[in-house]
Amino acid sequence: MKEFKIAVIPGDGIGPDIVREAVKIMTKVGEKYDTKFNFVEVKAGGDAIDAYGEPLPKETIDVCKSSAAVLLGAVGGPKWDNLEGSKRPERALLGLRGALGLYANLRPAKVYNVLKSASPLKNEIIDEGVDLLVVRELIGGIYFGDRGTKEVNGVETAFDTEKYNVDEVKRIAHSAFKAAMKRRKKVTSVDKANVLDASRLWRKTVNEVSKEYPEVELSHLYVDNTAMQLVRKPSQFDVILTNNIFGDILSDEASMITGSIGMLASSSIREDSFGMYEPIHGSAPDIAGLDIANPLAQILSAAMLMEYSLDMSEAARDVEAAVEKVLNEGYRTADIYIEGTKKVGTSEMGNLVLERL
């Protein structure tokens, strides 16, 4: 029997409600695949502020570091809005990424056939299929480069610096190509190499890394063209590889194409496959504890965890298939409900997925 320690951070708002369902699903998967998951619950975000006076206690970092992966619910809420920046719940996410060395953000965007009416795009575009993954470099680039504000010739002037070295590009490129090997074996690297030196280094390095993955088809697009192509023909994309700032923008654009944010998972990973997995939606404190939140993004985050951190691809496919089956049978939580479908609560949705595993 395989055994894995999983750090669990329920967090704030609906976090505990949806994490509960994901843990339930993983436990069932463990029974099916002769695997034992040892879940260790720790605090971060507002939950940790209330308990310890800080958003990211040392105990949480230590437990995460000694685990195979981290399953996170959601952090934040208006209750803590008046705290200074460094003490706010959201600082826990930045702190965890830094402490755990998570440099690659993986954001899938998939339109389920039965939910395509939620997409803002025309049916003829969606009908071609949308199932892509944005791989974004997370801890380099312009967000972390030299910056400042100063007077130049008597005029207030601000600057930020886009900077990458070869090693930083190599490691994120490897993450993208490895992800593509699990998917349709196609990588689109996105840059602005017609203007930026940093992008020219990016493109040159990605080309070098691609030689190690002869099965994967590589293409390059400028970021402005990519933004256009995402709404014109999203079916052309499998894995999109890009830097921090471009990925920040493109991953949000891709998520909006689906029209159902409650369905979208994400992960932040590093070279050894360790990662932190969470839904992209917020903590929605107004519906916390009411059994109406959609747990599917959290359940799909657990599927990503099993695929990318535990090398349990078959189990991940099982979970994804169970989710799709429940949707095809017409079950919906309030956020994706339309007339003619069957509305269910958080716990019942989790049970429905469980039954179909």
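Heads up, the Cβ atoms here are built off N, Cα and C, so glycines get one too.
A quick note: this is a predicted structure, and the numbers were derived from the prediction, not measured.
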Candidate from ARG88, ARG136, ARG200, ARG203 that Swiss-Prot assigns to the same substrate site as ARG97, ARG107, ASP224: ARG136
Neighbours of ILE292 (NAD(+) binding site) among the recorded positions ARG97, ARG107, ARG136, TYR143, ASP224, ASP248 (Cα to Cα, within 10 Å): none
Top Cα neighbour of ASP252 (Mg(2+) binding site) in the set of recorded positions ASP81, GLY85, ARG107, LYS192: ARG107
Alpha-carbon distance [ASP224 (substrate binding site); LYS192 (site 'Important for catalysis')] in Å: 8
Shortest C-alpha distance to ASP248 (Mg(2+) binding site) - which of the binding-site residues GLY85, ARG136, ALA288: ARG136
Same-chain residues at least 6 apart in sequence whose Cβ lies under 8 Å from GLY85 (NAD(+) binding site): ARG91
